[in-house]
Amino acid sequence: MSALITITILALLLLYLGLFKAKKALLPVALIGLMVALVLSLMEWDSNAAPIFSNMMLYDRFAVAFSGITIFLTILIIALSKDYFERISSNVAEYYALILFSLAGIILMVSYHNLSMLFIGIEIMSVSLYILAGIKKRDFASNEAALKYFLMGAFSTGILLFGVTLIYGASGSFDLEGIKQYILKDPTAVSPLLYTGITLLIVGLSFKVGAAPFHFWVPDVYEGSPSLISAYMSTVVKVAGFAAFLRLIMFSFAPLQDFWIPMIIGMSVLSLLIGNVTAVYQQHFKRMLAYSSISHVGYMLFAIIALNGSSDNAVFVYAAAYSVATIIAFGVLILLQGQVGNDSFDSFNGLARKNPFLALTLTIAMLSLAGIPLTAGFIGKFMMFSKALSSYHIFLVVFAALNAMIGIFYYFKVIVAMYFKEEDRKELIVPVYFKLVLGFSALVTIALGVYPDFIASLI
Amino acid sequence: MEVQSLPVDYLPILFQMLVALGFVVLTMTITHLIGPKRKTADKLSPFEAGIEVVGNARTPVSIKYFLVAILFVLFDIEVIFMYPWAVNFREFGVEGLIEMFIFMATLLLGYIYVIKKKAIEWGD
Amino acid sequence: MSLLSILIFLPLFAGLIIVVLPSSVREGYKYVALAAVIIQVLISAYIYLHFNGNVFTGIADQNKYQLVERLPWISLNLGAMGKLQIDYFLGLDGLSMPFMLLTSVVMLVALLASWEIKINLKGYFALFLLLDTAILGVFSALDFFLFYIFYELMLMPLYFLIGIWGGVRREYAAIKFFLYTLFGSVFMLLVIIGLYFSVTDPATGYHTFNMLSMMDPKNYVEGSIFSALAHNELFGVSARLLGFIVLFIAFAIKVPIVPLHTWLPDAHVEAPTPVSIILAGILLKVGGYGILRVCVSIFPDAAIQSAWWLGLIGIVSIIYGALNALAQTDLKRLVAYSSISHMGFVLLGIASITPEGISGAMMQMISHGFLSSMLFFLVGIIYSRVHDREIPHFRGLALIMPKFSAFIMIAFFASLGLPGFSAFIAEAFSLIGAFNSESINGLLPRWMAVCGTLGILLSACYFLWTLQRMFFGETRLFGGEKWKIQLTDVNAREVTALCILTAFALVLGIMPSLAFDKMNASVLELIRLVNLK
């Protein structure tokens, strides 16, 4: 809880720092503040947490773990922002403040105990992001991204809200516990309103996490937004959306599995198929990452399909692995775009020779995304596959395994370009902050792959 | 919920909607039918306050109008929170007072920010 | 930390040293690697000498493994499914111990061949040593998860070794190799997970990845997917048979069998010489070892059920590989196809499930490890001199490279199964096993053994024909006088490597008991396990 307050105050503080022209202090203050928030949030590690604020929020292990990971990822991303916003415009403080506001919304999203809090969290997060997607005012792609994101986001929020009202209509409660009690009272005779409500909620949340068939906005928005913001959206926001999704289903709707499991399976299969197959045909790294993020949602949905007590753990590990690797990828992408001005696969040619460190970290990231053993991504996939197999979804897992093969194909394009193709190129200049973030993330990826016990049994 | 509502209970609403719609449609049709029709060039041209129209209606307007409008709405809406608080002032007690002060302080911070950013200055 | 862990992680450690060393001492990298590999050879020789084949029969009993090391590694709480228990579990028995020695020796030879590598030395030796670690790990891992990790870990270094230091079409060959192998292993992972859910550790009651527990039908959860008693069906096939087939395909891609072999010629042709040596010398054996250790041991009932098909695949590989080898004009491709043909004997021997057959298969793997390394080394010598290996471009090499020709004659004759060399013993035993199978357990018909013999005949054809085309007659070279100068005879380093390999092939041919004594008990134990069903 104190993490939420810290982040909000931090955002206001940054706004004022910007007002009083203390631009040099922005990044350090943001980083320090977030670290404080991270520590504060981890200090609330308590397995017997009770709902607070009239049952509005519940800061249980799930919430602590996911707010911890989102804050952690935000720290990594903000560390990459050194000199990034300055190139776009002079309103740097506002950008930091907006990121932090959206993070505050995310904390709400992972710790809600009441559907209205979920809605408020999603809105706080989304509104900040609509602006952030469009901060490159002179760039048409960025404008398009912002508008598209806003329209799609508003649309999905509407659907979500509609779902919430229907559920309220059926159960008479916004409270997760209340809804659960209503369903448990007689799972066979719940009101048809509730089913519609669940469907709409799932649709609304799928929009937010970018699961097919509600993924249309993902490639354009991720591609058009400034890369740093894309990194934020495809990691922190996605993790938060997924955590909100999982929390809702684990908490309240678990008894109605037979109803929503077919839906989720359909979404998972579609996400895998569309994400992977389309990613193969991409010529640009950033767009490839966007499609790959859709496919990763497909894998993460496995945890919901095979819902049980350890689903949160599986999602947590997978999300952490995916996000850290994606941050590396976006970090390299930012450098490349800034200094080469292009992100096609050809622009990676010969990178290994000139920037061995960058190439190595990016390789580790790609291997992790592809799910090669001894990287965190493998542990994530392994947990997902074993979860799905434990509930005998054999077809699904075989299908996913085939998709994992397709994944190798496009993730390796980058590796091939970097290592196997020779080209005369200039060495990219890698600032210290980038070196730290990339090196640290690569280390985390390997460490989780070799010894996943660190985080795998957290929740 | 204890009170079960059946579709038939919504019937009055349906009736009211029908009546409302019917009234609008009916009056419009009737005035259209029985009213006198004289068309002149002056009557057909768009007008505003007696001045002749010049140029396109969709000219850009200074963003300042918009900004001020949005800010007004924001601060106006915030006031809404104060009414219920004022009504329940006694029940909330000191704790409620502190909370309200925090709320007001946040608003004030926003207000200072707005002023400092020169968002409501007309200037140039 | 036991000797085994030291053996496995020594190369990794040396690799890290190379990574850390500044590039000003780049000429020193290979000596660091050489030192590590020589220590590795010494350790594995020590292990070999102290291995008691009659006591440490291994297979399904942990107490019968030597140098066992078991530490908890990953333990995840999976809620209702209990605890995910993954151990760092190593051990050696008669099936794996010979491969440790083989790996060390072949790695030494490959390292001697690496002297030709000129670019990006730091990356090369680091990856080389990482590969070494992975291979040693595969041969000694007894936890299926650990096995899988090492198995996959072999892929990455190889991918880069082929892709960066390879020939013209290296990119294609590398990704083809990678995808083929990964295709097998991804599905292998699914079966591993399925097995995990079916098997519990009798000591703790948790589900386990322990391969030894998987070999005992008593440890299977009642009604679980791979339980032998439950007779579950998946997609209309018995689940155990399906599991066996999936695992078999995963390893068979490595062996490789026809028709899953097409990555092999490409990979060999594009790979640099040392990588070819490792590929042919060790990696193909991982496939054979996997079939014995995993497929046959864990799914013995399915192995017996599909023995006929295994034998058939073996025969097809033998004949098809040999016929293809006859048709090649690229010397390296020829050797690659001969590998496919020779590995067919391994499959044939395993399919017979007789002591002779499996011993023969083991022997064939070891012998082929030495001989194919030697062949690829020899091809590499020609290639490094003139960057050409088309057979018609050479003639009468015996006159200008007498020592080289002597070695190639030894390698060719040894490979085609001349008595006195290891391949003869190996192929003879495999064929005897296949021949006896009809009378012992009725798994393989006699004609398979007859067809296998045909393979030996064909291998004689292509080897002798090549010898005649390239080495005999008057010297006529495609590159004319320039080549004549470039084609110098073998130097001291090459002689060392070749002598090591010749010595092994010869010693094993004359005294096969050196290998058989160590593994015989394990082979018998394996057969006993299979026949329990």
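Residue numbering: from 1, along the chain as shown.
Quick reminder: no glycine exception, Cβ is built from N, Cα and C everywhere.
Keep in mind that what you see is a predicted model, and the values were worked out from it rather than measured.
Among the features that TrEMBL reports, transmembrane segment is placed at C:6-24, C:31-49, C:88-112, C:124-142, C:148-165, C:177-199, C:241-264, C:276-300, C:306-327, C:334-353, C:404-426, C:495-516 (among others). The domain 'NADH:quinone oxidoreductase/Mrp antiporter transmembrane' feature in TrEMBL is assigned to C:141-444.
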Closest-packing stretch to the transmembrane segment (C:404-426), where packing means Cβ pairs under 8 Å, from C:276-300, C:306-327, C:334-353, C:495-516: C:495-516
The transmembrane segment (C:306-327) vs the transmembrane segment (C:241-264): 3 or more CB pairs under 8 Å: yes
Top partner of the transmembrane segment (C:31-49) among C:6-24, C:88-112, C:124-142, C:241-264 - counted as Cβ pairs under 8 Å: C:88-112
Selected stretch (most C-beta pairs under 8 A with the transmembrane segment (C:6-24)) from C:88-112, C:124-142, C:148-165, C:177-199, C:241-264: C:124-142
Chain residues in Cβ proximity to the transmembrane segment (C:148-165) (below 8 Å; excluding those fewer than six residues from its ends, i.e. six or more beyond): 117, 119-120, 123-124, 127-128, 130-131, 133-135, 137-138, 141, 171, 173-175, 177-178, 181-182, 185, 188-189, 192, 267, 270-272, 275, 278-279, 283, 286, 290
Same-chain residues near the transmembrane segment (C:334-353), Cβ under 8 Å, at least 6 residues beyond its ends: 252, 255-258, 261, 264-265, 268-269, 280, 284, 287-288, 291-292, 296, 303-304, 307-308, 310-311, 313-322, 324-325, 328, 359-362, 364-365, 368, 372, 375-376, 379, 391, 415, 423, 426-427, 429-431, 433-434, 436-437, 441, 443-444, 448-449, 452, 455, 458-459, 462-463, 466, 527, 530-531
Two-stretch contact, the transmembrane segment (C:88-112) and the transmembrane segment (C:495-516), at least three Cβ pairs under 8 Å: yes
Seg_contact(the transmembrane segment (C:241-264), the transmembrane segment (C:495-516)) with at least 3 CB pairs under 8 angstroms, min sep 6: no
